[in-house]
Each structure stands twice: as C-alpha cells, then as structure tokens.
There are 2 protein chains.
Amino acid sequence: MHQPVVVGDLSEREILARISARTGVADAAIVGPGDDAAVLSVAGSLVATTDTLVEGPDFRRAWSDGYSLGWKSAAVNLADVAAMGARPTALLVALAVPNDTPVEYVERIADGLREACDELAPGCAVVGGDLTQSSVLTVAVTALGSTDDRRTVLRSGARAGDTVALAGDLGVAARGLDVLFERFDGSAPRLDELTADDRRAVERQLRPVPPLALGIVAAEAGATSMMDVSDGLALDATRLATASGVTIDLARNALGGHPSTALRGGEDHALLATFTGPIPEGFRPIGRVLEAGETALLVDGSPYAGEAGWDPYRDWHAPDRAVGWSA
Amino acid sequence: MHQPVVVGDLSEREILARISARTGVADAAIVGPGDDAAVLSVAGSLVATTDTLVEGPDFRRAWSDGYSLGWKSAAVNLADVAAMGARPTALLVALAVPNDTPVEYVERIADGLREACDELAPGCAVVGGDLTQSSVLTVAVTALGSTDDRRTVLRSGARAGDTVALAGDLGVAARGLDVLFERFDGSAPRLDELTADDRRAVERQLRPVPPLALGIVAAEAGATSMMDVSDGLALDATRLATASGVTIDLARNALGGHPSTALRGGEDHALLATFTGPIPEGFRPIGRVLEAGETALLVDGSPYAGEAGWDPYRDWHAPDRAVGWSA
C-alpha cells in the first residue's frame with residue numbers, strides 16, 4: 001500500500017519550500033518569503049487582521065480537505081480586510097501541524113490559499129509564513145491590505161436615517177454545517193447524495209465566497225459603516241449598532257426564505273453596511289437605522305428575541321453538538 | 001480553596017476586552033483593536049513576519065509563566081523585523097488556548113507582549129488579535145514594521161572581503177534550556193538554586209532580549225547583509241552565506257568561552273551582519289566573508305563539522321530530549 005510522505009519525514013525547510021512553490025507572488029511584494037521578513041509596498045494606510053482556524057472548533061479534517069482549509073483560512077481573513085473598504089494585498093500564514101499529517105495535505109492548504117486569493121482578491125498572495133509542530137492542526141492567517149486613496153469604513157459610523165444593506169449570503173454556511181452534522185458526522189461528505197441546495201450550502205460552509213470586491217464598492221459609494229458578518233446577522237448587526245450608538249431595525253421579509261437561520265447563522269462572511277444615500281449595486285436593503293432605543297436590534301420594530309450568534313467558548317460544550325464553530 | 005476563573009468561564013468578547021485593556025496603544029495605530037481590522041500608518045515600506053510558539057516544542061507551561069510566554073512571543077518576532085533594518089510598529093496576536101487555562105495566565109501573556117514592546121521596540125504594541133479554543137496552547141504573532149527612509153538589509157548582500165559581525169548573545173539561551181532540562185524537568189524553575197550565570201541563561205531562554213535597536217544602527221552603517229540568529233550561528237551563518245553566494249569563515253576565538261555552544265545554540269536572537277566598511281558600535285567582529293568555496297561555512301579556515309542548529313521536525317523525537325525548540 002502507498003505510504004504517504006508525512007510532515008515528520010521532512011525538514012521544516014523542505015516543507016516550507018514545497019509550500020512557497022505553490023503560493024504565488026503578491027503584487028505588493030518587494031521581498032517575498034525566505035528572508036527574516038517580507039517587505040511590501042503599501043498604498044495609503046495599512047489594514048491588518050488575524051483569524052485562526054483550529055481543528056475541532058473551526059474545522060474537521062473529515063469534512064475539510066487541505067484545499068478547502070486553505071481556501072477558508074484565506075477567505076475569512078480577506079473578508080475582514082474588505083469590510084474596512086480596503087484592498088487585500090498579502091497573507092502571512094502560521095501553520096502548526098501534527099507530524100503524521102501527509103505533506104500533500106499541507107501542499108493542498110497552500111493551493112487553497114493561493115486560489116482563494118486569485119479568485120477573491122487578485123494580486124494578493126502569501127508573502128511569509130511559519131511552520132511548527134503541534135498535535136492540533138492550526139492555521140493562523142494574518143491578512144494585510146492597502147486603503148489606497150479611500151477612507152476606511154468603520155463599524156461606528158451608522159447614523160439614524162441610514163439604510164441598512166447587505167451583500168452576500170445569509171444562513172447558507174450555517175445550513176451547510178447542519179447538513180454536515182446531520183448527514184456526515186465523522187465521515188467525508190458525499191456531495192452527490194445531496195440536493196443541489198444542500199450541496200451548495202455545504203460547499204459554502206467549507207469554502208466561503210465572501211463578496212470581497214463589494215467592500216471597495218461600498219466605501220466608494222459612501223458607506224457610513226460596514227462590517228463582515230461572521231457570527232450571524234443578529235449578533236453582528238447588534239455589534240455595529242452598539243459601536244455606532246444607534247438602533248438597527250431589520251425587515252424580516254428582506255432576509256430570504258429562512259429568516260431565523262439568516263439572523264442566527266454565522267460564517268457566510270456577507271458584508272453588512274449602512275448608506276445615507278442610494279445603496280450601490282450588489283447590496284440589497286434589509287432595514288434602517290434609528291436613533292438609539294432601549295435595544296440595539298429590532299426586527300420589524302420589535303426587540304430581537306432569538307438566539308444571537310455563536311460564541312465558541314460558551315457553546316463548545318453544548319449537549320447537542322460536540323463541535324462548534326467560530327469565525 | 002480559590003478557584004481561578006478559566007477561559008471557558010468567559011465569552012470570547014470578555015477575554016478579548018481583558019487582553020486589549022492591557023496591551024497598550026501603538027504609535028502607528030489609526031484604528032486599533034475592536035473593528036474588523038486595524039488600520040496603521042506606514043513610513044516607507046512595510047516589513048511583515050510571523051512566528052508561532054506552540055506548547056511542547058516551543059515552550060512548557062511549567063517553565064514559562066504567561067508573562068514570559070508573551071514576552072518571548074513578541075521578542076522573537078520583533079527580532080525578525082529588526083533584522084531587516086526596520087522599525088517594529090505593531091503586533092497581531094492569534095491565541096489558541098485550552099478552556100481550562102486561567103484567565104490570569106492569558107492576561108499575563110498580554111502583559112508580557114506589552115512590556116517586551118515597551119522595552120525592546122518603544123512605540124510598537126498589539127493592534128489586533130484573535131482568540132480561539134484549542135487543546136494546545138498556541139501563540140501566533142505577526143510583527144509589522146516600517147522601513148522609514150532606510151533600505152532593507154537582506155540575507156543575500158554579503159560580499160567577499162566584508163567583515164562578519166555579531167550583536168547579542170551566543171549560546172546563552174541554549175545553555176538556559178539545558179539547565180531547565182537538567183535541573184527542572186517538569187517542574188517550575190527555582191532560580192535561587194542556580195549560579196548567577198545559569199540564572200541569567202534561564203532568564204534569557206524564557207525572555208530573550210535581542211539587540212533590536214542595533215538592526216537600524218546596522219542598516220544605517222551600511223550593513224551589506226543581516227539576519228536574526230534564531231537557529232544557531234552555524235546554521236544561520238550557513239544560510240546567510242548560501243543566500244549571498246559566498247563562504248563565511250568564523251574565528252573560533254571570537255565566539256566566547258564556549259565556542260561549540262555558541263555555534264550550535266539557538267534562540268538568542270542575536271543579529272548577524274556583514275559590513276564592507278567599519279562595523280558600528282554594539283557589533284563585534286567574528287569572521288570574514290570569502291569568495292564562495294566548496295562549503296558555505298568555515299571555522300578558522302576549516303569546514304564546519306559540528307551539529308548545525310536545530311530542526312524541530314527532525315529532532316522532535318530525539319531519544320535524549322522529549323521536547324525540542326524552534327525559533
């Protein structure tokens with residue numbers, strides 16, 4: 001039987017060489033991987049964010065092949081850069097991997113990182129990284145971006161009278177996770193057994209496709225506030241309202257056919273923004289900004305009473321689900 | 001008995017709030033922690049690097065209190081920025097921690113990060129981070145820096161005739177690790193039982209003090225190449241020589257009282273540089289650059305035959321040591 005080459009068979013240098021052969025070259029890179037640090041050109045101000053995927057709470061290897069893991073690690077970080085109205089330019093990737101991980105799995109992580117950059121944020125690529133031994137597969141990505149000549153769009157700028165708008169999916173990735181738990185708990189997903197909708201939901205859970213280019217569109221259209229919806233619309237809209245000192249009133253009938261899932265479900269990485277004037281193409285109106293009231297979030301004028309998003313700490317030991325997720 | 005509050009008792013938001021209350025404010029920060037991403041001003045080009053400490057291969061909680069872990073996580077990354085001739089401006093910190101970790105331990109990580117920045121790179125501070133659940137305590141730090149109006153100093157610029165120079169300790173951190181393994185395997189180090197030299201070595205292993213300010217000094221003095229010595233002088237000098245296409249000849253009598261340890265021992269984060277002209281204050285000459293010969297590294301004119309540095313992958317299962325180290 002074919003024995004795969006595992007991480008423990010090779011030196012750190014050999015593995016890093018295999019990774020960097022696959023991750024492409026960032027347009028902004030003056031010095032890429034291989035020195036003590038990368039050197040990058042920055043246009044305007046620098047935007048920087050970090051987000052980690054840990055095996056168990058954030059992904060399962062039974063569900064995520066290396067490519068999907070690399071893709072998702074990139075996408076969730078690129079979304080945070082886009083949500084500032086900035087242009088992603090570079091990723092740094094810290095991998096901690098068990099010695100018995102096939103080297104091919106690590107190479108596929110690199111492929112997923114590169115292709116997520118190429119599709120979601122052309123010109124962006126991995127410029128540096130680190131490889132460590134750990135018993136828990138962990139991918140910590142830092143994403144960098146340039147503001148160019150745009151102002152950044154913060155969470156704190158929403159004003160009463162603004163329209164609340166959204167670009168991207170709501171509740172799709174959460175539905176995908178439900179499908180994975182219900183149908184494939186502990187086993188690889190067999191996508192051909194699923195309906196087209198369920199298959200798409202699983203694919204979005206494993207390889208999210210946030211509408212990154214619309215972050216810049218929103219900034220240029222004068223968005224007064226913006227954020228990445230990673231922990232569910234209800235929780236993230238509450239955060240935006242709180243940061244802005246306003247109340248947000250969402251229209252349930254603008255949230256699609258499953259409004260409860262749309263409000264609760266995380267990991268779609270939609271863009272939530274507010275606009276004083278007309279909303280740009282790609283966004284759809286889902287509510288309005290009011291003066292601050294007793295609660296930060298209303299749905300159809302009433303205080304939101306549903307489950308508000310996901311917290312990996314509180315929900316980790318939930319009796320009905322062994323593994324939670326965060327984003 | 002007092003039961004400490006552990007990470008699993010609090011929400012991610014509560015813990016992040018406790019951390020960011022302790023990490024200070026970076027001079028370069030336009031937008032700090034709390035939004036989707038930080039926004040920073042950059043002067044000149046951006047320098048970016050990432051390095052991870054994983055419990056087991058990189059540290060043990062029996063030896064490293066939270067403060068030491070935070071300090072070391074910052075210091076090893078700041079050293080990579082300094083080794084480019086750049087000025088560190090900001091850190092992003094991805095923490096993955098077991099639920100039973102006392103919150104106070106995490107708070108002390110934050111204190112160590114801040115104080116390492118304050119002492120080693122004033123003006124630099126944590127500007128963003130991420131907190132995830134993991135069974136293995138993992139600290140992944142990304143360090144950012146500005147080149148200001150200086151050129152960056154790469155590993156590849158050494159030229160025959162240059163003087164090889166070094167700033168900082170050699171072999172001290174490795175000796176500290178030996179002391180920890182020999183005297184305190186599995187238990188907290190009792191520093192008052194040690195000689196002054198051994199105590200200092202242990203302190204340097206747990207809280208390295210790389211000569212960061214000398215990175216800029218070297219760049220301004222015209223260093224032709226430079227790198228951070230993290231994996232031992234022999235291995236890192238070999239890397240610098242290979243990147244530059246030269247041979248480096250080190251003088252054994254310039255390497256202190258324990259030249260073998262100086263050549264092999266990692267984690268001191270000294271700065272290795274080459275200069276065509278006079279070497280600046282703070283650096284000492286340790287060898288010279290020759291035209292490329294059959295081997296990249298000589299010691300007193302003979303090919304170096306000793307153990308060349310540490311590789312956490314190959315050496316992880318070394319029979320005489322259960323836990324290795326990387327940097």
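Even glycines carry a Cβ here, placed using N, Cα and C.
Per TrEMBL, these features apply:
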BINDING   A:Asp36, A:Asp80, A:Asp228  Mg(2+) 3 binding site
BINDING   A:Asp36, A:Thr49, A:Asp80  Mg(2+) 4 binding site
BINDING   A:Thr50, A:Asp51, A:Asp130  Mg(2+) 1 binding site
BINDING   A:Asp51, A:Asp80  Mg(2+) 2 binding site
BINDING   A:Asp58, A:Glu267, A:Trp310  substrate binding site
BINDING   A:Gly129, A:Asp130, A:Arg155, A:Ser230  ATP binding site
BINDING   A:Asp231  Mg(2+) 5 binding site
DOMAIN    A:34-146  domain 'PurM-like N-terminal'
Listed binding-site residues are A:Thr50, A:Asp51, A:Asp58, A:Arg155, A:Glu267; which of them have CA atoms within 10 A of the CA of the residue listed as 'Mg(2+) 5 binding site'? A:Glu267
Using all protein chains in view, find how many other C-beta atoms are within 10 Å of the C-beta of A:Thr50 (Mg(2+) 1 binding site). 27
Which number gives the other C-beta atoms within 10 angstroms of the C-beta of A:Asp231 (Mg(2+) 5 binding site), all protein chains shown included? 23
According to DSSP, folded down to helix, strand and coil, what is A:Asp80 (Mg(2+) 3 binding site)? helix
Binding-site residues satisfying Cβ distance under 8 Å to any chain B Cβ, from A:Asp58, A:Asp130, A:Asp228, A:Asp231: A:Asp58, A:Asp130, A:Asp228
Just how many other Cβ atoms lie inside 10 Å of the Cβ on A:Thr49 (Mg(2+) 4 binding site)? 30
Taking only the binding-site residues A:Thr50, A:Asp80, A:Ser230, which one has a CA atom nearest to the CA atom of A:Asp58 (substrate binding site)? A:Ser230
Between A:Arg155 (ATP binding site) and A:Asp130 (Mg(2+) 1 binding site), how far is it from one CA atom to the other, in Å? 32
Out of A:Asp36, A:Asp228, A:Ser230, A:Glu267, the binding-site residues in the record, which is closest to A:Asp130 (Mg(2+) 1 binding site) when you go by Cα distance? A:Asp36
A:Asp80 (Mg(2+) 3 binding site) to A:Ser230 (ATP binding site): how many Å between their Cα atoms? 9
